[in-house]
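Q: According to TrEMBL, the record shows the following:
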- 186: active site, proton acceptor (ACT_SITE)
- 84-88, 94-96, 166-169, 261-262, 285-287, 322: NAD(+) binding site (BINDING)
- 12-36: compositional bias 'Acidic residues' (COMPBIAS)
- 346-356: compositional bias 'Basic and acidic residues' (COMPBIAS)
- 370-397: compositional bias 'Basic and acidic residues' (COMPBIAS)
- 1-36: region 'Disordered' (REGION)
- 346-397: region 'Disordered' (REGION)
């Protein structure tokens, strides 16, 4: 599964879907997050109204300009914001594409509406559709894309501050990012918990995978309630770490790279406005996203991105697939061969591991079959011997 079904507490919800207010696990965090957002708005308001923009860092508003800035040595902390678009080339559908998107292909589950499959109240009453879908799209069946490995390359170069992901497919982890490198804004399949607030027992990825692929509805060993992967459903709060980390990371950001997301719904979309006024922002996407509100744009306020106006000074839109955009940027940086070699090497490792697991499973199945035959043979032999003995007795008598 790629991008989690996004809601106010997620990302990428249908625009006409009502959205509850975003809350963290702690009311004080809510207050701080709300206060920070208001301060960001006021700072933008004053700077725009007074005609104060940030320092122009890029030589030109192109991919070449971004590459030159990265090579300058002034760019030390890069934050990536990613959505479903970075995983579509791995075979994982996004949510909104009219014909191929996830929401367009849920008819077989007989849902009252597409988003219900990720609605916490619906899940507690009818968990079967979600787990059937999870079986189709479960993490571990797909390989990371060029884009995932480009982010890993940024880490290897010492440039990645953090990757903020809307996705639940865990491909960032498979590509080599670790927990400290990631903010999984919509949660993850990596861990699961009992839905009971009185229990909350934790389960790992292997436990959940075994349950899902055995067609069992996962139930808690301790209290028999449902167990749900730690992905954020509609009606649930975003992880607390999302709120605490963004306050520390974004003010220190030297370059924001946004890939594969429509930036339509809060709070994820608002992250683009949390960097400093001088921080360049690169969008790699099939279409432009995150633009300033048209009405606020008329009076030159608002935190959206400005790609085309005469006042544009830091935002770059590179219209392409995420993989192609990353390859082009890598080539400009002199990293293309290294990136391609990484993708080839890591995919070979994944293929080799999958073949080994399949061989082990086949051997195990064959062993069970042979054991079954042996047991069956013993039983038949026992019956035959017993029959002979009974027959012998009859003859003697």
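Placement of Cβ uses the backbone N, Cα and C atoms for every residue, glycine included.
On a predicted model such as this, the values are computed, not experimentally measured, just so you know.
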Q: What is the interatomic distance between the Cα atoms of residue 84 (NAD(+) binding site) and the residue listed as 'active site, proton acceptor', given in whole Å?
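A: Distance (Cα to Cα, whole Å): 12 Å.
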Q: If you count CB neighbours within 10 Å, which one among the binding-site residues 84, 286 has the smallest count?
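A: Comparing Cβ neighbours within 10 Å for the binding-site residues 84, 286, 286 has the fewest.
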Q: Please list, for the compositional bias 'Basic and acidic residues' (346-356), how many residues fall into helix, strand and coil according to DSSP.
A: 11 helix, 0 strand, 0 coil
Q: At the level of the C-alpha atoms, what whole-angstrom distance separates residue 87 (NAD(+) binding site) and residue 186 (active site, proton acceptor)?
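A: Approximately 15 Å lies between the Cα of residue 87 (NAD(+) binding site) and that of residue 186 (active site, proton acceptor).
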Q: Whole-number Å distance between the CA of residue 286 (NAD(+) binding site) and the CA of the residue listed as 'active site, proton acceptor'?
A: 22
Q: Roughly how many angstrom lie between the C-alpha atoms of residue 167 (NAD(+) binding site) and the residue listed as 'active site, proton acceptor'?
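A: Rounded to a whole number, the Cα-Cα distance is 7 Å.
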Q: Pop the Cα-Cα gap between residue 186 (active site, proton acceptor) and residue 261 (NAD(+) binding site) into the table, whole Å please.
A: 13
